Every structure is written in structure tokens, then in C-alpha cells.
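Peer 1: Here you go, one structure.
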Amino acid sequence: MTKVIDGKAFAAKVRAEVATHVAALKEKGIVPGLAVVLVGEDPASKVYVKNKHASTVEVGMNSYEHRLDAATSEADLLALIDKLNADPAVHGILVQLPLPGHLNSELVINRIDPAKDVDGFHISNVGLLGTGQKSMVPCTPLGCLMMLRDHHGSLAGLNAVVVGRSNIVGKPMAQLLLGDSCTVTIAHSRTKDLAAVCRGADILVAAVGRPEMITGDFVKPGATVIDVGINRIERDGKGKIVGDVHYESAAAVAGAITPVPGGVGPMTIACLLANTLTACCRSNGLAEPKGLTA
Ligand SMILES: Nc1nc2c(c(=O)[nH]1)N[C@@H](CN(C=O)c1ccc(C(=O)N[C@@H](CCC(=O)O)C(=O)O)cc1)CN2
């Protein structure tokens, strides 16, 4: 029987664990704080930022929301980041992506103090992760890793194929799997005979951004399939969210699979809270919470 990995339930467990650690920190007079910066009116981003605020408050952390006009200048955005970098009450800073076109995302992200970069997108954190050193780890791949460790126990020696080479998901996911001693292949839309490459995977992570591209014939019988895709499509005249995996055909072959919605997505925000807690512990010279980092 195929196991459906319930990301929503897993995320609730992670948030509860974070809340327990936050309560213990409060007894020491420390309250973790997360600042989220939203520029513009992208409807999906507005929902994600609202959910981040609600989850942050729910686990007992301080939430600082900064909503800026779509026409905000780069100089003003950088000045806000400088202010947050210098604020001792702020342990984590996140700039919601995508940014409006006139803003240089790389420049903006790299202005964040790497110790407060709870998205793990700063070039210093990318380099630390790539060289196997302590870093802030991007939330979505961290969530995938937590679910994989929970399902498999040890990942050592397993063949992992990551389909997608983005800086935000594909590349850090591959680094994390390598860190857990998987044999890792990064594949992408131009990989020759992609289906055959994927069929070699004990762990198949789909992060290509193409609705339902990974079908059952890409899946090795019994493999674990992690679907990172969130694609809004129209079907039978109705809006629907689907992943990068064609769920029905893949689930018929896989040993375990994450659904969309309700799989990887909820883990992204849970891991953001875990990263904020980690950043707060590090900045106060305290031991990091076990099981909530890579
Ligand atoms: N600075 C960042 N920007 C963005 C990130 C990020 O990690 N950091 N990731 C995405 C958006 N995102 C969080 O910001 C995010 C996406 C999806 C979900 C989620 O829970 N998805 C649900 C479905 C939601 C829906 O109905 O729309 C699911 O998969 O079950 C949470 C967070 C881009 N920007």
C-alpha cells in the first residue's frame, strides 16, 4: 500500500515542537522575533505572508510585518533591511519573493545579515551549505529532508534524483541529500531520457515547476516521491492546485508520496519558524534545538 506522507500533520508537529522551545526561551526572558517584508500586492504572496504572521504568533514568537508599496525604491528597501539587521529583537528576516521587477532580488537578499537569513538564500549560507558547514537552510528543502528522514530513518546509500536546479529548492535539496549520504543526481528539463533517470531513484524529488510532468512511468516501484510543485491550473472550468507530479499514476507505483496541496507546502512555513528559533538560539549562544535543523 502506498503511504501518503501528510505534510499538514507533520508541519503541525514541527510547530508544536517549536512552540515548546519558545516557551522555554521565554522563561529565560528571550522572545524570538521574525520580520517579514512584503513589497507589492501579489495575491499569493499576501496569503503566504498572512499565514506566516499567524503561525509566528501561534508559536509564541514576535512577528514584525513590513508591507511596502509596489513602487518602493531599492534604496528604501535596503535601508529597512539595515534597520532590521541592527534590531536585537529581530532574529529572523525574510523578504517575500518574488519581488517587483525593478528590484534586484540578489542584492536585496544579500543585504540581510546571514545570521538572520531564515530563508537560507544569502550567498554566505549557500556557500556554507555547499561545503557542509553550519548554515541557515532553505525552508522548503529542509521540510522535505525532515519528512524523508521520518519515513526512511537513515537515507545513507539511497539513490536520490532531484528534478529541478533552482537555487531555492533543487540545488539546496541536492546538497542536503548528499549531506545525508545519498547518491544524488540533479536532473532537469534538458536531461536526456529523464524518465529513465528518474526510474533509478529510491527518492524522487520533483521541483521543476511544470504541472503534473512526472508521471507514473518515471517512478521506480516502491520509491518515495516528494512533490515540491505548486501550480495553479484550470480544469473543468475550475481553478485547482496541482504539483509537478501526476498524483494518481505516480501513487499507483510509489511506496510513499506527498500530496499537493497538503504535502511539502505546509512544511515551508513550519521550517521558517524552526529556522527563526535556531537563529535566536545561535545569537544567544544557546544550544540549537535537535531535530529542527539539517
Ligand atoms: N522568501 C520566500 N519567498 C517564497 C518562498 C520562501 O520559502 N521564501 N516560498 C514560496 C511561497 N511560500 C512561502 O513563502 C509558500 C508556498 C506554499 C505554501 C503552502 O502551504 N502551500 C499549500 C497550498 C497553498 C494554497 O492553497 O495556495 C500546500 O502546498 O498545501 C506555503 C508557503 C515562494 N516565495
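Each position is counted from 1, following the chain as shown.
Placed from the backbone N, Cα and C atoms, the Cβ positions cover glycine too.
Got these off TrEMBL a minute ago, pasting:
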- Gly164, Arg165, Ser166, Ile230: NADP(+) binding site (BINDING)
- 5-119: domain 'Tetrahydrofolate dehydrogenase/cyclohydrolase catalytic' (DOMAIN)
- 138-282: domain 'Tetrahydrofolate dehydrogenase/cyclohydrolase NAD(P)-binding' (DOMAIN)
Peer 1: Tell me the Cβ neighbour count for Ile230 (NADP(+) binding site), meaning other Cβ atoms within 10 Å of its Cβ, over all protein chains shown.
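Peer 2: Taking all protein chains shown, Ile230 (NADP(+) binding site) has 19 Cβ neighbours within 10 Å.
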Peer 1: For NADP(+), with binders Gly164, Arg165, Ser166, Ile230, what's the maximum Cα separation in whole Å?
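Peer 2: Those residues reach a largest Cα separation of 16 Å.
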Peer 1: Gly164, Arg165, Ser166, Ile230: which of these binding-site residues put a Cβ within less than 6 Å of any ligand 1 atom?
Peer 2: Ile230
Peer 1: Could you tell me the mean pLDDT the prediction assigns to the domain 'Tetrahydrofolate dehydrogenase/cyclohydrolase catalytic' (5-119)?
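Peer 2: Per the prediction, mean pLDDT sits at 98 for the domain 'Tetrahydrofolate dehydrogenase/cyclohydrolase catalytic' (5-119).
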Peer 1: Measure from the Cβ of Gly164 (NADP(+) binding site) and count the other Cβ atoms within 10 Å, all protein chains considered.
Peer 2: 23
Peer 1: Return the residues near Arg165 (NADP(+) binding site), defined as same-chain residues 6+ apart in sequence whose C-beta is under 8 angstroms from its C-beta, sorted by sequence, else 'none'.
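Peer 2: Those within reach of Arg165 (NADP(+) binding site), by Cβ under 8 Å and sequence separation of 6 or more, are Lys171, Ile186, His188.
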Peer 1: Taking helix as H, G and I and strand as E and B in DSSP, count the residues of the domain 'Tetrahydrofolate dehydrogenase/cyclohydrolase NAD(P)-binding' (138-282) in helix, strand and coil.
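Peer 2: Summed over the domain 'Tetrahydrofolate dehydrogenase/cyclohydrolase NAD(P)-binding' (138-282), the classes give 56 helix, 32 strand, 57 coil.
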Peer 1: Tell me which residues of the chain lie with their Cβ under 8 angstroms from that of Ser166 (NADP(+) binding site), as long as they are six or more apart in sequence?
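Peer 2: Counting only residues 6 or more apart in sequence, the Cβ neighbours of Ser166 (NADP(+) binding site) under 8 Å are Ala207, Gly209.
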